[in-house]
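For reference, Swiss-Prot has these:
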{"type": "COMPBIAS", "residues": "19-30", "note": "compositional bias 'Polar residues'"}
{"type": "COMPBIAS", "residues": "443-473", "note": "compositional bias 'Polar residues'"}
{"type": "COMPBIAS", "residues": "612-623", "note": "compositional bias 'Polar residues'"}
{"type": "MOD_RES", "residues": "Cys620", "note": "cysteine methyl ester"}
{"type": "REGION", "residues": "28-64", "note": "region 'Coil 1A'"}
{"type": "REGION", "residues": "64-74", "note": "region 'Linker 1'"}
{"type": "REGION", "residues": "75-211", "note": "region 'Coil 1B'"}
{"type": "REGION", "residues": "212-235", "note": "region 'Linker 2'"}
{"type": "REGION", "residues": "236-378", "note": "region 'Coil 2'"}
{"type": "REGION", "residues": "380-592", "note": "region 'Tail'"}
{"type": "MOTIF", "residues": "420-425", "note": "motif 'Nuclear localization signal'"}
Amino acid sequence: MATTTPSRSTRSSMQSPARGTSTPLSPTRISRLQEKEELRHLNDRLAVYIDRVRALELENDRLMVKISEKEEVTTREVSGIKNLYESELADARKVLDETARERARLQIELGKFRSDLDELNKNYKKKDADLSTAQGRIKDLEALFHRSEAELGTALGEKRSLEAEVADLRAQLSKTEDAHRVAKKQLEKETLMRVDFENRMQSLQEEMDFRKNIYEEESRETRKRHERRIVEVDRGHHYDYESKLAQALDELRKQHDEQVKMYKEELEQTYQAKLDNIKRSSDHNDKAANTALEELTERRMRIETLGYQLSGLQKQANAAEERIRELEELLSSDRDKYRKLLDSKEREMAEMRDQMQQQLNEYQELLDVKLALDLEINAYRKLLEGEEERLKLSPSPESRVTVSRATSSSSSATRTSRSKRRRVEEEYEEGGASTGFGAGHSLGSSRITASEGSSRTITSGQSSTTRFHLSQQASATGSISIEEIDLEGKYVHLKNNSDKDQSLGNWRLKRKIGEEEEIVYKFTPKYVLKAGQSVKIYSADAGVAHSPPSILVWKNQSSWGTGSNIRTYLVNTEEEEVAVRTVTKSVLRNVEEEEDEDADFGEEDLFHQQGDPRTTSRGCSVM
């Protein structure tokens, strides 16, 4: 560490090399030149650090904008896909319930057809036995016909007894058929109710499992957007298969109903004709025998026809069952395919998470570097303050001049160095940008005061040092706050601090600078500031591209303006001020100094030999 203290000296001892080029450099001059080079080197390092921090902050803003845009896109896509998936799943569940109900009904009808077939077989066997018995009796009657007329009376009596038995049997058969029909209907109703309750229970269970899986696996919902296309394609095939199957089953059902009805009518007619023939056979034995033989032949042919038809119906029923099994296998294969697609989408989501984590790690490393730079700059400033304290010197604007590179060849360079120092202090003490001025937000009001600065003007006879003070005051009555304003008039930064979107349609952002005319920026009618997001409104000369909703450009205004008293406020559609930020620049003092003291700030830039007894109150320390 080197300590230098400027002092007042005579003109003969402070002459520049240009006045005495033949005089060799003294050790004091060499030491001062070395200290000057060392300070320039340190100033270069500080400038590099500041540029690096600004670049990191710009990169940080860019990354935050990218992350917010990605989060908005992801949220929008996930919500849309979730709604589509829920609707598609509800439709699929409804179709499955209808299919299960239709299958149960078809199974009931198939069981009914099988029971009708068994009943027809039993009736056929019974009628065949009755036919054999009738043939035996016909032979007996033919034998008895030749015996005597007395036996004819006996036969007539037997005939009457048989007719009574047939009537009793018919009545019993009718009652039994009615009871059987009622029982079958009740069984069908109970079966349908049981199947319906089972389907409803299964649907509720599936819905409960689905809601549980939805909340546990929200990350998988993004894969549904690929599934939507597949479902739309397969849905058409599925609907075609269902419509064709339903049409075929309806046709089979109608054919079965018509055939069964026809069979019943024909059997009843045949049975009635047989009874009539038996009655007439007692009166006309010869005619009855021939009629019985013809009826037997017709019945045999009819039974064979019915057998063929029943076998055809059984084949159709088997084909329908085979088709149902094929459709179930197709549905199972589709489910397996969709499951594989879901697994692949899960892997893609895992890769995306890894990439996001890697980006976050890189971002954290950048933040660590920025923090290290901030600490180094703060240490630099504390060393300067400690050296001033050690030498019992009050902090003066001249002590800050050494932070930035400057020469005494012109007064403009000195003013530039002090201006740079002021901006550095505003950036690292206030947390704002290099040219911006702002701080945190609150619903009340907050006051933030920047570091003092100074400017120096050198004339032929004297110099003046002007110190100024920057302060700002911000307040907000709602969720929108004015987060930052640029002192050079390039932009104004607004932020939505709530968790809800805020419509800024037709709101106006106004700026008043001293006594100048007020300028007004009006938002578009449909502009909305998202929750937690921010927007910067740049002037036309800022050189920034228009990129809504985070970056807006005021094309009709070249600059927001600069001045010593800047008031920026946001007004809603009801002319109420919802956010205000005021920046004030005030002059603290103006000190006049003599010409010979200005000479000390000449070519050697406040450097002198250490330990000079002519040390004044000015001094600085350099790391």
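Each Cβ is built from the backbone N, Cα and C atoms, and glycine gets one as well.
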So how many of the residues in the region 'Linker 1' (64-74) end up helix, strand or coil by DSSP?
11 helix, 0 strand, 0 coil
Helix, strand and coil totals (DSSP H, G, I; E, B; other) for the region 'Coil 1B' (75-211):
134 helix, 0 strand, 3 coil
DSSP-derived helix, strand and coil totals, residue by residue, for the region 'Coil 2' (236-378):
142 helix, 0 strand, 1 coil
